[in-house]
Amino acid sequence: MGRLSSTLCLTFLILATVAFGVPPKKSINVPFGRNYFPTWAFDHIKYLNGGSEVHLVLDKYTGTGFQSKGSYLFGHFSMHIKMVAGDSAGTVTAFYLSSQNSEHDEIDFEFLGNRTGQPYILQTNVFTGGAGNREQRINLWFDPSKDYHSYSVLWNMYQIVFFVDDVPIRVFKNSKDVGVKFPFNQPMKIYSSLWNADDWATRGGLEKTNWEKAPFVASYRGFHVDGCEASVNAKFCETQGKRWWDQKEFQDLDANQYKRLKWVRKRYTIYNYCTDRVRFPVPPPECRRDRDI
């Protein structure tokens with residue numbers, strides 16, 4: 001009976017892996033100071049539990065932020081965040097990667113606060129060679145202020161995938177063969193910040209920050225970085241092709257992951273530059289490859 005139970009359990013695990021796709025590797029809990037340091041308004045960052053948890057605080061005087069100590073070419077970058085609760089209109093919590101030059105590459109998560117009872121909006125964007133204008137917006141299918149959720153980026157030579165709790169919400173494929181630049185030779189640092197953006201963040205700036213609700217707090221956990229660390233001037237990753245994120249199963253989404261992406265597209269997407277015919281009468285070439293049109 002014991003051997004039969006073990007066999008059934010193993011079979012279930014194999015079938016579950018096939019059914020739900022291959023998720024990125026889970027991050028390891030390490031303290032904030034291992035990989036990050038504050039960059040401004042140091043007194044607005046609070047450290048808890050030996051640095052395993054960090055709170056960013058925004059008031060009417062300033063927000064705050066932090067960045068990674070290292071720069072990275074490819075990897076899996078995640079953060080567990082609990083967003084500002086209650087009336088968060090006008091606030092933006094950002095988690096992103098960016099290189100440090102004028103023709104920079106950038107991969108963005110921006111969480112746009114809202115009035116109490118209204119959904120948070122998650123805006124993503126990708127900059128290549130200094131050019132962005134690739135905004136996509138979704139409503140999250142949960143309240144991100146109630147608990148910690150994982151937000152992550154898988155970046156390799158083949159694709160950039162945005163995940164929310166291991167659900168792919170966006171893909172940006174390497175489309176250099178059709179003339180679209182792709183981030184591949186500019187190391188990026190990891191950044192996060194909480195700041196006031198009530199000139200645009202909520203309903204295009206119509207909803208202003210209610211400072212009577214301050215201070216606003218965004219909470220963070222999970223400061224492990226799983227990336228190819230490189231100097232800011234490096235042009236390639238020395239371990240290219242050898243890390244888990246380079247392997248075949250991470251070079252494209254599988255059928256089930258595309259199904260989940262389609263679910264997000266159908267039920268939660270509220271803006272997609274790929275389908276905006278006012279801004280782009282002819283869809284950008286990457287959109288068809290990314291299955292966004």
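Each Cβ is built from the backbone N, Cα and C atoms, and glycine gets one as well.
When the candidates Glu103, Glu110, Glu212 are compared with the xyloglucan site entry in Swiss-Prot, which names Gln123, Thr124, Asn125, Asn133, Arg134, Glu135, Asp199, Trp200, Gly204, Arg279, the shared residue is Glu110. Among the recorded positions Asp108, Cys228, Cys237, Cys274, Cys287, the ones whose Cα sits within 10 Å of the Cα of Thr124 (xyloglucan binding site) are Asp108. There are 18 other CB atoms within 10 A of the CB of Glu106 (active site, nucleophile), with all protein chains counted.
Geometry remark: Cys237 (disulfide bond) versus Arg279 (xyloglucan binding site), CA distance 36 Å. Looking only at the recorded positions Asp108, Glu135, the densest Cβ neighbourhood within 10 Å occurs at Asp108. Under the three-state DSSP scheme, Trp200 (xyloglucan binding site) falls in the coil class.
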